[in-house]
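The block underneath contains the structure these notes are about, expressed in structure tokens.
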Amino acid sequence: MEQLWLFENEDRISELHEALLVHIMSSLPTKTVVATSVLSKRWRHVWKTVQNLKFVSKYHQTFSEDVYRFFMLHKAPFLESLDLEFSNQLDASDLGILVGIAFARHVRNLVLDLDYYSNFSQLCAARFPSGLCIYDNNKTLETLTLKHSILLYFPYRVCLKSLRKLHLYKVHFYGKDSVYNLLCGCPSLRDLIVHRYRECMETFTIAVPSLERLTIEDSGFGYGCCYVINAPSLKYLNIRRFKYLNSCLIEKAPELAEAKVSDVSDIENENILESLTSAKRLSIHLSPLEWWNLLTFMLEASPKLQILKLTDLNMSSTKGNQIGQKWIQPKCVPECLLFHLETFVWTGYEWQRRDEKEVARYILRNTTSLKKATFSTKPIEPVKLKVFKKRREILNELASLGRASNPSDFVFESI
């Protein structure tokens, strides 16, 4: 019995190899990692070599000083990741010191989140230390995420040769030159995410030859900004929350294979659609106003389309036809329907709406290569037998339309 008690209370974790201990501790909050130093002599210095660090401030006035003291004791020469999240206002000098420490430790993934502002203004934003980025002394940084009250002022071109992913979330730019100098100094950039919010800049230019994935979300609520995209290597494009799609100008994207369009209220300028000629996968989140026109434009602009996904999780009663308006079929059947479309998915299909029934019938009637079609609809209560039977009739009709043109796998789901 005594031997069993000793076995159950044995400190077997401390017997692990130090490299494995460090690996385990890298997944824990940094505050917890430091607390392990009091467990035993063996644990006293293990935390000093952990390479994944995350510091979160909850309005702690001495937070910056605490982080400085931590790094004075921390011994790891390289950092895999450093995540700094501030809830209290931070001076530009403090931000510069912290970023300088990160660069000196050859950080690979850096996250800075200064979410302390009460209003969206450059006056309370801390300036990112641009001087640390203009020299060829940072060869390890691969991912950079900047959020909220950070002012990006780059009077000179940066030198971030290893940066592959950049995420800019509601930050402030000191003019279009700062945007240009930042993006032009990232020759290895592959993935760019830009989420803008009431930023007063007429033109936002994204000219990155190496860029493969681009996500743009604009929450400006009509403030207006024109996006100019020049990315000849672009393969994936995600556009969200544009009030007007004609505010996005794509100059060159011959490699584009997948595109997603979400919450776009209107489309007038067809320029952006010219870049979809090579797209094979297209996903559209249906918006309240004339969504069928957007779909028609997309189908006509994507002759090589193989996968089409339509999504309307809101199932809004305001979406679709207004009085006196109706969907107008394309003059000619789009090439993608005639030769290439293999998968058609409609999530949130409103089978009771005339416009949606017309669109579904048109697509199924004109596809010749369709292999699978999936329609997800809102569930119906069992007591509503008449409604249930009517829906089944509509869905059976759609299935027969598809099978009349080609053998397909039809799936009907409730969401």
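Numbering starts at 1 and runs along the chain as displayed.
Using N, Cα and C of the backbone, Cβ positions are placed for all residues, glycine too.
What you are looking at is a predicted structure, and each value in this text was computed from that prediction instead of being measured.
Sequence annotations record features per position, and here Swiss-Prot assigns domain 'F-box' to 10-58.
The annotation domain 'FBD' is assigned in Swiss-Prot to 272-377.
Residues or ranges marked as repeat 'LRR 1' by Swiss-Prot: 60-86. Mean per-residue pLDDT, taken over the repeat 'LRR 1' (60-86), amounts to 83.
In terms of DSSP helix, strand and coil, the repeat 'LRR 2' (87-114) has 13 helix, 6 strand, 9 coil. Per Swiss-Prot, the feature repeat 'LRR 2' maps to 87-114.
Look at Swiss-Prot and you will find 143-170 tagged as repeat 'LRR 3'. Within the chain, the repeat 'LRR 3' (143-170) has long-range Cβ neighbours (under 8 A, six or more residues past its boundaries) at 95, 108-117, 120, 122, 124-128, 130, 133-136, 177-178, 181-182, 184-197, 219.
Residues 122, 125, 133-134, 146-165, 202-220, 225 of the same chain lie 6 or more positions beyond the ends of the repeat 'LRR 4' (171-196) yet place their CB under 8 Å from a CB of it. If you look up Swiss-Prot, you'll see 171-196 marked as repeat 'LRR 4'.
For 213-241, the entry in Swiss-Prot reads repeat 'LRR 5'.
When Cβ-Cβ distances below 8 Å are used as the criterion, the repeat 'LRR 2' (87-114) is approached by residues 56-61, 63-64, 67-68, 71, 76-81, 124-129, 131-132, 137-150 of the same chain, each at least six residues removed from its ends. When the domain 'FBD' (272-377) is classified with DSSP, helix, strand and coil residues number 36 helix, 23 strand, 47 coil.
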